[in-house]
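As structure tokens, the structure follows; a few thoughts come after it.
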Amino acid sequence: MGGKQDGDEACGESQGKPAKYDPSFRGPIKNRSCTDIICCIFFLAFILGYIVVGIVAWVYGDPRQVLYPRNSTGAYCGVGANKDKPYLLYFNIFSCILATNIITVAENGLQCPTSQVCVSSCPEVAWTVEVSQFSQNVGEVFYTANRNFCLPGVPWDMPVIQSLQQELCPSFLLPSAPALGRCLPLLNSTLPELPGISSNTSISQGISGVLDSLNARDITVKIFEDVAQSWYWILVALAVALVLSLLFILLLRLVAGPLVLVLILGVLGVLAYGIYHCWEEYRVLRDKGASITQLGVTTNLSAYRNVQETWLAAVIVLAVLEGTLLLLLIFLRQRIRIAIALLKEASKAVGQMMSTLFYPLVTFVLLLICIVYWAMTALYLATSGQPQYVLWAPNASLPGCEKVQMNTSCNPMSQPMNSSCPGLRCVFQSYSSTGLVQRSLFNLQIYGILGLFWTLNWVLALGQCVLAGAFASFYWAFQKPQDIPTFPLSSSFIRTLRYHTGSLAFGALILSLVQIARVILEYIDNKLRGAQNPVARCIMCCFKCCLWCLEKFIKFLNRNAYIMIAIYGKNFCVSAKNAFMLLMRNIVRVVVLDKVTDLLLLFGKLLVVGGVGVLSFFFFTGRIRGLGRDFENPSLNYYWLPIMISILGAYVIASGFFSVFGMCVDTLFLCFLEDLERNDGSPDRPYYMPTSLLKILGKKNEAFPGDKKKKNK
């Protein structure tokens, strides 16, 4: 390995043996075989089962109970026979508050112990049935006055008093507005005198809690209006983010060195200013005599800002960091130069294969499909079950209701309209939970969650392995760009799917299990937070920290394993082992390259997101003048909305582009380390690395580009 020869760490047996020279190696292996076949079969069987779960959910589920409100008979408002009646009206909405708490009402689909009817529009004015109208019929009081709020089938000539006793028609109406598909009273309306209902504060407070969503609806309408007014300019801002990201990556080959130098000097400057500021604060407090001995021990942490010992400790910490960073720069300057050279080479690789920059769109589409499929499957599973109907009466203690067995099953198509019990009806109660699907609902949902995590991680692994194969073909091309394969990205995609689906599934499964364990731990912590003692909280925090570290390590190991899979075509375990050992033999280079790359990409994201954010702010706030009428900023309710959308979109675009660049850097780095171990610069074993890296390492190729190929011929 070049590690011993160029001053890197000596490699022992515990870190594996260096890669040996292979005269037949010409980059990513083309003659390869399928890897991790058992895991591939298991993954495909799991996907087949996942599809079966989706089919079962689609057959038994009914998402309309979430999307549409139901009337008293269980019929949906806004669909079918009630297509022209999209809103649900509660005859006595106060019963929703008085009968139970709002949480229970919400869990029951906002079903309340009162008659409910689908209506075409919500009441606009307050109205109450007067005593003089009790003797009139329903047609005169309701239908002729265009109050079409009675239950379907109530005859014209039915006495009003009878319709009120049986709750076939409402005894009062309140000015309402639709929210969540239901007519809910307006908060600012004056309530009329309601018979049998007190106007105490608890009722008013309860209604206020139910109606909070009305203000949210108005905001939602305004948000949609703003998006409709500014969508064109949002797309322009996203296009600017795309161009800036692309330019930043392509220009790194020219400015990577100076940019890294500026960023390092910036970090040193910030630390130096921090030392100066803390020293000035310490000096002022020292002259005043403010000491921690005067303050004592307190839980008010802000009080420690006024004692000299706090600032002295800050000076010491910052000075140690500054000195450590300077020493690292002095002793690791050659490795920093190697990192900069690899960044320049990565920029060239991306420039040679521009299609790789747009591969994140493929990943995004696949991720979107996985998320949508899981969401629809979970929704259909949660709404599976047959509707159950029971007998119900407003007042079961009235004469004639004693012999009726309430809450027994009934047929909603034959309503007991002429029963001796006033108001007896067959109403919707809930959905059945006794079927096979309902009994297995929890297990099916767990299966779906595992499917979500596994498929998402597999899609991400596919993207990493495909990009690694494409960029490896660039590095191992002896003459660039002549020896770069035609369509390297598509070739890598087909090769990865054909041979390494099982290996990707293996790595994705390991990561998914750790992530699910973290989710379960977060759920337990949230449930037990109120009852925990300090010791239990400390233990829980330690477990969460350990799982977080484990997840980060597995992501790092998987990423490098996929690179080795893309190059050599071996199974996941062997590739992970080889990648880990190779990195451990060059641990200092790994740390330096990782930190330099992170610093550079962080600066790139700040540049793209900050630039788009500033331009969006000045444009949408109307601070850019003289652009002409075609470029005037739109009139908006919330000018910050398109700005936030533009910033979020710019961050997503920059992250997509820079993730490709980061994968390119990691791939070229592993290839560079393999190149150092495999070759020695002789005519038979020339280096594949660029001339800039050879100069930094003090090496050279005895064979000129092309000599190796001629000799092999």
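Glycine is no exception: its Cβ is also placed from the backbone N, Cα and C atoms.
Summarising the annotation, TrEMBL assigns transmembrane segment to 37-60, 231-252, 259-276, 311-332, 353-376, 446-478, 499-521, 561-584, 596-620, 640-673.
Long-range Cβ contacts of the transmembrane segment (37-60) within its own chain (Cβ-Cβ under 8 Å, at least 6 residues beyond either end) map to 373, 376-378, 380-381, 384-385, 435, 437, 444, 447-448, 451, 454-455, 458, 501-503, 505-506, 509, 572. Here the listed stretches are 259-276, 596-620, 640-673, and the one with the most C-beta pairs under 8 angstroms to the transmembrane segment (446-478) is 640-673.
If one looks beyond the transmembrane segment (259-276) by at least 6 residues along the same chain, the residues whose Cβ comes under 8 Å of a Cβ in the stretch are 252, 314-315, 318-319, 321-322, 325-326, 329, 336, 339-340, 343, 596, 599-600, 603. Contact check: the transmembrane segment (596-620) against the transmembrane segment (311-332) gives fewer than three Cβ pairs closer than 8 Å, residues 6 or more apart, which falls short of the contact criterion. When Cβ distances are compared across the two stretches, the transmembrane segment (353-376) makes contact with the transmembrane segment (640-673), since 3 or more pairs at least 6 residues apart fall below 8 angstroms. Between the transmembrane segment (499-521) and the transmembrane segment (311-332) there are fewer than 3 Cβ pairs closer than 8 Å, counting only residues 6 or more apart in sequence, so the two stretches are not in contact. Among residues of the same chain six or more beyond the transmembrane segment (561-584), those with a C-beta under 8 A of the stretch's C-beta atoms are 15-16, 19, 27-29, 32-33, 35-36, 39, 461, 464-466, 468-469, 472, 492, 496, 499-500, 503-504, 506-507, 590, 666-667, 670-671, 673-674, 677. Listed by sequence, the residues of this chain that lie at least six past the ends of the transmembrane segment (640-673) yet keep a Cβ under 8 A from its Cβ atoms are 223, 226-227, 230, 233-234, 237-238, 240-242, 244-246, 249, 252, 342-343, 345-347, 349-350, 356-357, 359-361, 364, 464, 467-468, 471-472, 474-476, 559-560, 563-564, 566-567, 579, 582-583, 585-586, 589-590, 593, 597, 601, 604-605, 608-609, 612-613, 616-617, 620, 688-689, 693.
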